[in-house]
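Let me begin by presenting the structure, written as structure tokens, before commenting on it.
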Amino acid sequence: MASDVTTPDDGDPSSPTSPAEARRHSQLNAKRAEIEERVRSTRADLEGRVTEARAQFDQANERVEARVGRNLVMAIGIGVGLGAVLLLSLFVFKGLFAVFGAAVVVFTTLELATALRHSDRRADRWPAAGAGLVIVAAAYFTDGPTRWAVMIAAITFVVVWRLIAQMAAGDGRAPLEVVLDLAAVVFVQAYVAGLGSFAVILVARDGGELWVFAFICLVVVVDVGAYASGLTFGRHPMAPRVSPNKTWEGFAGALILSQVAGVLIAVFLLGQPWWVGMIFGAVIILSATIGDLSESMIKRDIGVKDMSSWLPGHGGFLDRLDSILPSAPIAYLLFVIFS
């Protein structure tokens, strides 16, 4: 008896297993495989390009780091973060600048007192940091003779502390070494808290925050100008025994930029004549350069490359403040003269 059932072999084109459907499925599978292969190829190509670009970037960063001795990417990141805090403290709430300045003075004092131990100098860290904190507070909250009396009292405190600590140690330290230790503790206070407090004094004055921002901008311009010009054109070392990477070409580039920036800052930020800007730029490049070379000389004398590793990409706090600290009293003096 014949069957009415249609089998897959009957050649019905609508059957999912018909030759036509099979060919269509085969074509779709081939197309899908082709697309997947293209996606894999494109992805592999992009990954290869990203890897190559990253390798080139790392190599370039390593070359720069080998030449200037710092991780440039990390240095920029830390610098941007500190700059943001600085702007916030200057133009949103000035009292925050005193807190920011006090924190920086404490860390920098601890850093310098610790580094001095490499040269066998005994500078008591926490008493020095506490004295620095008091000096910064006096700079912001007091005025006139009181401020200087507090500074003298703070320095006297660390000197007396060192003498008592030496007597308690009873280790027969030579008198000359004790005198040098006393000189070291006075130097730490005068260099870090003494110079740095002028920025806090300036902020406490009406309109002083603009001058603080101005002189820090000029220091940054000098630093960047010297770095870029020295890296590009540097041939003749300025002080090879102290700072081999600093060149006269870098100084010349920084001088030009400091004059341009000084005029622009004086006219558009401070409301001063253009010639005040030229004076501002000239004195800041001198103070910044002297500060940079002085800190380099200190590091060579105590035998360290960086004051610390507390700021990745920068070294230590003093490695970033070397040009700012001596520039602060200069900026304050110009403020008093021209404001």
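Backbone N, Cα and C define each Cβ position, glycine as well.
Just so it is clear, the model here is predicted, and its values are computed rather than measured.
Summarising the annotation, TrEMBL assigns region 'Disordered' to 1-34.
What TrEMBL lists as transmembrane segment is 72-91 (among others).
What TrEMBL lists as transmembrane segment is 97-114 (among others).
Look at TrEMBL and you will find 148-170 (among others) tagged as transmembrane segment.
The feature transmembrane segment is assigned by TrEMBL to 182-204 (among others).
The transmembrane segment feature in TrEMBL is assigned to 210-229 (among others).
What TrEMBL lists as transmembrane segment is 250-268 (among others).
Residues or ranges marked as transmembrane segment in TrEMBL: 274-293 (among others).
Contact counts against the transmembrane segment (182-204), taken as Cβ pairs under 8 Å, peak for 97-114 among the stretches 97-114, 148-170, 210-229, 250-268, 274-293.
Within its own chain, the transmembrane segment (148-170) has Cβ neighbours under 8 Å at 122-124, 127-128, 131-132, 134-135, 138, 142, 178, 181-182, 185-186, 188-190, 193-194, 197, counting only residues six or more beyond its boundaries.
At the 8 Å Cβ cutoff, the transmembrane segment (274-293) and the transmembrane segment (97-114) share fewer than 3 close pairs (sequence separation 6 or more) and do not count as touching.
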